[in-house]
Amino acid sequence: MVLQKLPLMSIGLLWLLIIVGPLVNADGPVCPPKPSDKLSRAHFPKGFLFGTATAAYQVEGAVNETCRGPSVWDIYCKKYPEKCNGDNGTQAVDFFYRYKEDIQLMKNLNTDSFRLSISWTRIFPHGREENGVSKSGVQFYHDLIDELKRNGIIPFVTVFHWDTPQTLENEYGGFLSAHIVKDFREYAEFVFKEYGGKVKHWITFNEPWVFAHAGYDVGKKAPGRCSPYAKDETVKGDCLGGRSGYEAYLVSHNLLNAHAEAVEAFRQCEKCKGGKIGIAHSPAWFEPHDFKDEQSGATIDRALDFIMGWHLDTTMFGDYPQTMKDIVGHRLPKFTTEQIAKLKNSADFVGINYYTSTFSKHLEKPNHAEPKFKQDSLVEWKNKNVNNITIGSKPETGPLPVYSTGFRKVLKYVKDKYANPEIIIMENGYGENLKENDSVENGTADYNRESYLKKHLWSMHKAICEDKVNVTGYFVWSLMDNFEWQDGFKNRFGLYYIDYKNNLTRHEKVSGKYYREFLSEGVRPSAIKKDEL
């Protein structure tokens, strides 16, 4: 056999590739990892942020401290306990008092960022500045943000995570009224000016389609509004007023205009210069119910237009997707020319909360006499496909199917449709209800959650490496178990187990240990300079 002679440099490079593995740009991801590699932070781009997420009402508690006023969730869960599993956020998991301890839990995980939300009524107890400002409430978030930064953890702040001031709900119906736009801008502008010098990553609204649909179309979350024919089958008790097929669109319209006004205020804020702002969207992925059915395949784009394009198209392009205009018609409010101009390009990044996927089937015969949001998309959400197969896997304790392929597909979809924007994964996590088996021992042995995180981190890495998606950060939902809205405390998402029977003691779970070890390899971003502390 005759061997072709190679230059010494080529031979050296060949041996380097054999010994070291794939070459990588110093700032880029390792693409692909060696087959023997255990995925870790080291395989992601330099400066990629990893963190955990929470929300004020779900973790803070201390509802009577700092002169905090009531939110819709305070009143909803106390007045209708059956709609919140008999639980409420009065104490939640005591984060208000234990945040310093909990920040040490974040450090233990090797995370470098933390997503929190500000309670509107801890700043303005009755919704507006003219009704009073809680100085101690304002100081609480200063103290929290300062403590995070002292510990090298970058704060990401959500301005609104579903806790509308009850005063504004009573006065004009909250987000059902256009009055909310002015009041939200005032509140957002206040927190930007107060914290904008310390916080450079902002989210105006969390999961707007869920907020509108669950709260105003199927009655599943506060304020529990729906038409009786549209009420979600899991909801206990009656709809608390409402008009399905109409109110969700009105609420979202006001929310989007409030977002645009808040972004304008943010971009005019001197302290906020160099910061970024966006929305945390919450898409599922859809696979065709029947791959042989052309109509079934066409449902995917339509479903995504309704649950993501509804708010993402609008903040990118200035208006609703054409599919929504065509189908919803007069029930979909119209933007003015001025509103369109403010909405267009009103996000610096795309926040994505991803949990699960489902099958989509074309809805042949919608009932026009009983309009409702999901029906409007002409899509049926199906748990199993035409062959009676569940999407992904469905662990016994998990209420949602696990399908990490859907995560990657969502990311590629956003890249392709919206010209490769910066994407930050604001939430990704696994919930489980242990029921009668709930204990510290069983709750911390969360191997299903560990598996979920492994699969989704791999899918995200493939999206970055192979699909060239511009993902820059990832937050696990959640740091610890917390109050999960209509599920109360029964649905656990945390990397730390909260012992509700024993002084809310925190216990690291198997998934927490996995995330800690995943983040222990590679360099943490040094994004906080000493002069910023």
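Placement of Cβ uses the backbone N, Cα and C atoms for every residue, glycine included.
According to Swiss-Prot, the feature signal peptide maps to 1-26, an assignment based on sequence analysis.
For Gln58, His161, Asn206, Glu207, Tyr355, Glu427, Trp477, Glu484, Trp485, Phe493, the entry in Swiss-Prot reads beta-D-glucoside binding site, with the evidence type similarity to another entry. Under the DSSP three-state reduction, Glu207 (active site, proton donor) is assigned to coil, being neither helix nor strand. All chains included, 22 other C-beta atoms sit within 10 angstroms of the C-beta of Glu207 (active site, proton donor).
The N-linked glycosylation site annotation in Swiss-Prot covers Asn64 (among others), and the record cites sequence analysis as its basis. In the three-state DSSP scheme, Asn64 (N-linked glycosylation site) is classed as coil. If you take the C-beta of Asn64 (N-linked glycosylation site) and look for same-chain residues 6 or more apart in sequence within under 8 angstroms, you find none.
Taken from Swiss-Prot, the feature N-linked glycosylation site covers Asn88 (among others). Proximity of Asn88 (N-linked glycosylation site) to non-local residues of its own chain (separation of 6 or more, Cβ distance below 8 Å) is seen for Trp73, Asp74, Cys77, Lys78, Pro81, Phe483, Gly488, given in sequence order.
The active site, proton donor annotation in Swiss-Prot covers Glu207, and the record cites similarity to another entry as its basis.
The Cβ of Cys226 (disulfide bond) has Tyr216, Asp217, Val218, Gly219, Asp232, Val235, Cys239, Gly242, Ser244 as same-chain neighbours under 8 Å, each 6 or more residues away in sequence. The feature disulfide bond is assigned by Swiss-Prot to Cys226-Cys239.
The feature N-linked glycosylation site is assigned by Swiss-Prot to Asn388 (among others), with sequence analysis given as support. Cβ contacts within 10 Å of Asn388 (N-linked glycosylation site), excluding its own Cβ and spanning all protein chains shown: 7. In the three-state DSSP classification, Asn388 (N-linked glycosylation site) falls within coil.
Summarising the annotation, Swiss-Prot assigns active site, nucleophile to Glu427 and lists similarity to another entry as the type of evidence. Residue environment of Glu427 (active site, nucleophile) contains 23 other Cβ atoms, counted within 10 Å of its Cβ in all protein chains.
The Cβ of Asn437 (N-linked glycosylation site) lies under 8 Å from the Cβ of no residue that is in the same chain and 6 or more residues away along the sequence. Annotation source Swiss-Prot lists N-linked glycosylation site at Asn437 (among others), citing sequence analysis.
Annotation comment: Swiss-Prot describes Asn442 (among others) as N-linked glycosylation site, evidence class sequence analysis. All chains included, 13 other C-beta atoms sit within 10 angstroms of the C-beta of Asn442 (N-linked glycosylation site). In the three-state DSSP scheme, Asn442 (N-linked glycosylation site) is classed as helix.
Swiss-Prot lists Asn470 (among others) with the feature N-linked glycosylation site, giving sequence analysis as the kind of evidence. Secondary structure at Asn470 (N-linked glycosylation site), as computed by DSSP, is coil. Sequence-distant neighbours of Asn470 (N-linked glycosylation site) (same chain, 6+ residues apart, CB-CB distance under 8 A): Lys415, Asn420, Pro421, Glu422, Ile423.
Sequence annotations record features per position, and here Swiss-Prot assigns N-linked glycosylation site to Asn503 (among others) based on sequence analysis. Long-range Cβ neighbours of Asn503 (N-linked glycosylation site) (same chain, at least 6 residues apart, Cβ-Cβ under 8 Å): none.
Annotation source Swiss-Prot lists motif 'Prevents secretion from ER' at 530-533.
If you compare Cα positions, Asn206 (beta-D-glucoside binding site) sits closest to Glu427 out of the recorded positions Asn388, Glu427, Asn442. The Cα atom of Tyr355 (beta-D-glucoside binding site) lies nearest to that of Glu427, taking the recorded positions Glu207, Asn388, Glu427, Asn442 as the candidates. Here the C-alpha separation of Asn442 (N-linked glycosylation site) and Trp477 (beta-D-glucoside binding site) works out to 19 Å.
In the three-state DSSP scheme, Trp485 (beta-D-glucoside binding site) is classed as helix. Cβ-based neighbour count (10 Å, all protein chains) for Trp485 (beta-D-glucoside binding site) stands at 24.
You'll find the Cα of Glu207 (active site, proton donor) roughly 10 Å from the Cα of Glu427 (active site, nucleophile).
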